[in-house]
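Undergrad: Could you have a look at this structure, given as structure tokens, before my questions?
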Amino acid sequence: MNIFRFAGDMTHLISVLVLLLKIYATKSCSGISLKTQELYALVFLARYLDLFTDFISVYNTVMKIVFIMSSLSIVWCMRMHPMVRRSYDKELDTFRHYFLIAGCLLGALLVHEKFTFQEIFWAFSLYLEAVAILPQLVLLQRSGNVDNLTGQYVFFLGAYRALYILNWIYRYFTEKHFGRWISCISGLVQTALYGDFFYYYFISWKNNAKLQLPA
Amino acid sequence: NNNNTVKDEL
């Protein structure tokens, strides 16, 4: 465990907590893409298949359970909670995310470490996580003004993977056998997708203005 | 081997 990775995990945890706070405190999920939340639930379920088979550390197991439970509860809230579901921007959240799932599944069948069930689902989860933010970014551009908590949610979500890239660089130089190009490339693509969001987020922070994404 | 290294990541 290195500081980059720990900071990355904490930033990821903060992003989830910010989202839970927004939904719980405002009883609203306006500006949040249900499709992105569903993709993230899928990412965690596909990646943590080894939750009960490989024990790595208490930290690892606890964090996996937290991510799975939180992503499923957010999806449940947005679909079933009577107050929250009313504020879902159904007509704006129209990204066809099933194509993302199909594409990533195909990609995992073609490009993986080993042709085993667990490895293919692991590669699938990495590819899917790289693109999972797309419905959310599209929704933000469509809904124009972004409320603070939603903006912070997306910011921390992007920052976590950027920190993971520093972690992979660090591990590449400190661990002889470390070389995981599937994670690294997916992580680079994922962080790049946040590029323009980070730019407008920084501008709004510098001007102390409301975050406005160009339509 | 490098197989288990990244699997220790979240």
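From the backbone N, Cα and C atoms, a Cβ is placed for every residue, glycine too.
These numbers come from a predicted model, not from an experiment.
Straight from TrEMBL, here's the annotation block:
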TRANSMEM  A:55-77  transmembrane segment
TRANSMEM  A:121-141  transmembrane segment
TRANSMEM  A:153-173  transmembrane segment
TRANSMEM  A:179-202  transmembrane segment
Undergrad: For the transmembrane segment (A:121-141), find every same-chain residue at least 6 residues outside the stretch whose CB is under 8 Å from a CB in it, and list them.
TA: 31-33, 35-36, 39-40, 42-44, 46-47, 49, 89, 92-93, 95, 97, 100-101, 103-105, 107-108, 111-113, 150, 154, 157-158, 161, 182-183, 186-187, 189-190, 193-194, 197, 213-215
Undergrad: Please indicate, using numbers and ranges, the residues of the same chain that are 6 or more beyond the transmembrane segment (A:55-77) and have a C-beta under 8 Å from a C-beta there.
TA: 1, 9, 12-13, 16, 19-20, 23, 29, 34, 37-38, 40-41, 43-45, 48, 84-85
Undergrad: Taking residues 6+ outside the transmembrane segment (A:179-202), which of them lie with a CB under 8 Å of any CB in it?
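TA: Sequence-remote neighbours of the transmembrane segment (A:179-202) are 111-113, 123, 126-127, 129-131, 133-134, 137, 140, 151, 154-155, 157-158, 161-162, 164-165, 168, 172, 211-214.
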Undergrad: Quickly jot the same-chain residues contacting the transmembrane segment (A:153-173) by Cβ under 8 Å, restricted to those at least six beyond its ends, or write none.
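TA: Distant contacts of the transmembrane segment (A:153-173): 2, 4-5, 7-9, 11-12, 14-15, 18-19, 22, 32, 129, 133, 136-137, 140, 179-180, 183-184, 187-188, 190-191, 194, 197-198, 201.
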